[in-house]
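K.L.:
Let me give you the structure first, and then I'll get to my questions.
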Amino acid sequence: MKSNVSTESRKSKDERKVLRKQIKASHTLLKHEGICTTPQPTKCLVIANGGLGNGVSREELSAALQEMGEVEKLVMPPHKPYAFVTFRSEDGARKAHANLNGWKLLCGGSSVTLYLSYVDSVKYKEAASVPLPEGLVLVENFVSPEEEAQLLNAIDWSATHDNDTAQKSLKHRRVKHYGFEFRYDINNVDKDKPLPAGLPEECVPVLHRCVEHGHTNILPDQLTVNQYESGQGIPPHVDTHSAFEDTILSLSLGAKTVMEFRHPDGRVAAVVLPERSLLVMKGESRYLWSHGITPRKFDMVPAEEPRTDAPTESGIQSNLTLSRRGTRTSFTFRKIRQDPCRCAFPSACDSQGGPSPSPGPSLPSSHADAARLEEEYVHRVYHTIASHFSDTRHTPWPRVCRFLSSLPPGSILADVGCGNGKYLGVNADLIAVGCDRSTALVQICAARGYQAFVSDALSVPLRAASCDACISIAVIHHFSTAERRLAAVTELVRLLKPGGQALIYVWAFEQEYNKQKSKYLKQNFKEDHGEFSSTNSVSEKSQKSTGEQISDPSCHLEKSHKPSDNMQDISPEGRLSVHTNRTAFTSQDLLVPWHLKGGKLQREENPDLSSGTDPSPESDSDPNTSKLSPAASQASASALKPASSQVPVFHRYYHVFQQGELEQLCALVSGVQVKSSYHDQGNWCVVLQKE
């Protein structure tokens, strides 16, 4: 009898725990996502922790839901930690609510705990798709499985270095060249030095078929073979105009992936490249759009394969799922150009006086390289610009203040990368302490009466589980490798008590969101065009009342900047380029200028620095004002003094995050959940909670 009573008591205790967490999840969805739940049963449910942003695939979640009843619609917003389901009947929703609340769903070797709440309705607006770049053609199943095997077997990766094929192991892939070597140090080929190894004979039938089908009218004489393991990729780039003729052919073998094409005006077309497909790039898609593959282990792809006769278009869809990457090998065929390029895109053409940037510092290939890069391009500058930097960091960001104000009185807060401490005094009821790598900025904090100490964000000298909350505002994007960025998030989680929360802000690659330019781009638009008009997004009120979610659109600027302004982000492979301020990004790893004169800005001499701040993401910008963009950061620097100006220019390293990348990074940290994520004035932001 005692045993039965104990069992019933324990079950009741577990049920109460699930109920508490389910209610807490509902409050989090309302607070951070504007999703209003209802206690009355309906056919519609929101599933906290059941989203693509938490590593949950459509197939895994759908299988669990189908056991509860017939599912009418499953909506999984891109990169979000939640999903919506609508059942055919209210009985199915009731059964799911009763049986799946607190249920652990296995996802690729790990598990997430689901919490379900009713919503009145689900309205999901599909984003407008971005058409494929002009001149881009995708041909599925261009080679047979037998031909695929022959081509892969023709490539011998056993040797570490092979002079005949100029084999190299780059940061994110292995590479071989045939016919001619493409030299990443000069971003070109030496046309007078052909390689001993010609194109493999296994490629000849495939190339003749390309000619027969009209994909090219000349046989290529250069081949680059790239092998990507899961989690690897290639930076955005445009194949050098002066090196190769118009048509570029690329075979995808071994596994599928997603390649992103980016126009200089900010438009993005994400194209799924199926296994054994042929990608043909001509004209504008070859000469003007950059293309690259983001390093990650999962891609978001349509759950249903597109018809082969249907045009493939990029756009955020509601039927997305996760696709685990495998080992992919690409065969990229090109024809060496003997005469200068005379394409129709002179602003992007190195033969016609377009940008041909000199190589910047190399991307790090080891922990030691990363530490040296960050020391030079992130840390040293503070001895020079700390006072000026602090002068431009005065207005706390509203959504960061909202997070801090929501913490209970007496909570212990750690601001890791606190800068001049502008967030340490937001909520006087907190016990707040900050740390920063810069001694000069920590001294400014002390002068303002704040508690702060010098520390590296990768090793904070505080006890584990000692903080109720942590914030990291515009810091993690200064770490130069994925491993170090992951270590920074892991360190934040280590500091948190169970149930504690962390708020993270990083600069976004996408400086336009929901058809709204960030202040960073708006400022440039005002300077160049006199005024700026934008399309308002759906109001917060309408989202709260219906559970409506607007899908995250691809970047698409209504007005374009000059291509020559933006193409400067593209530099030789493995090198960092200098970004042109107030333009859309075309590369994730780059150097952003900081202009300084006597610690004060002079707009007349430096038009890039109008509004009294620099154009970096750490500039103060309230979304309700006309200033710039977010919070306290560390800068990287290498000072240059142009001959035409006495204003020193410091270059700071940044890794700008693509949509979903921050959530994916946080998902790699054990014992923590992404409670919410959002875009705030050109930044990607997440709220984490420690389990």
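Heads up, the Cβ atoms here are built off N, Cα and C, so glycines get one too.
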K.L.:
Of 216-237, 348-369, which range does TrEMBL call region 'Disordered'?
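P.N.:
Going through 216-237, 348-369 one by one, TrEMBL flags 348-369 as region 'Disordered'.
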K.L.:
Counting by DSSP secondary structure, give me helix, strand and coil numbers for the domain 'Fe2OG dioxygenase' (219-337).
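P.N.:
Within the domain 'Fe2OG dioxygenase' (219-337) the tally stands at 5 helix, 57 strand, 57 coil.
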K.L.:
Please list, for the domain 'RRM' (45-121), how many residues fall into helix, strand and coil according to DSSP.
P.N.:
23 helix, 28 strand, 26 coil
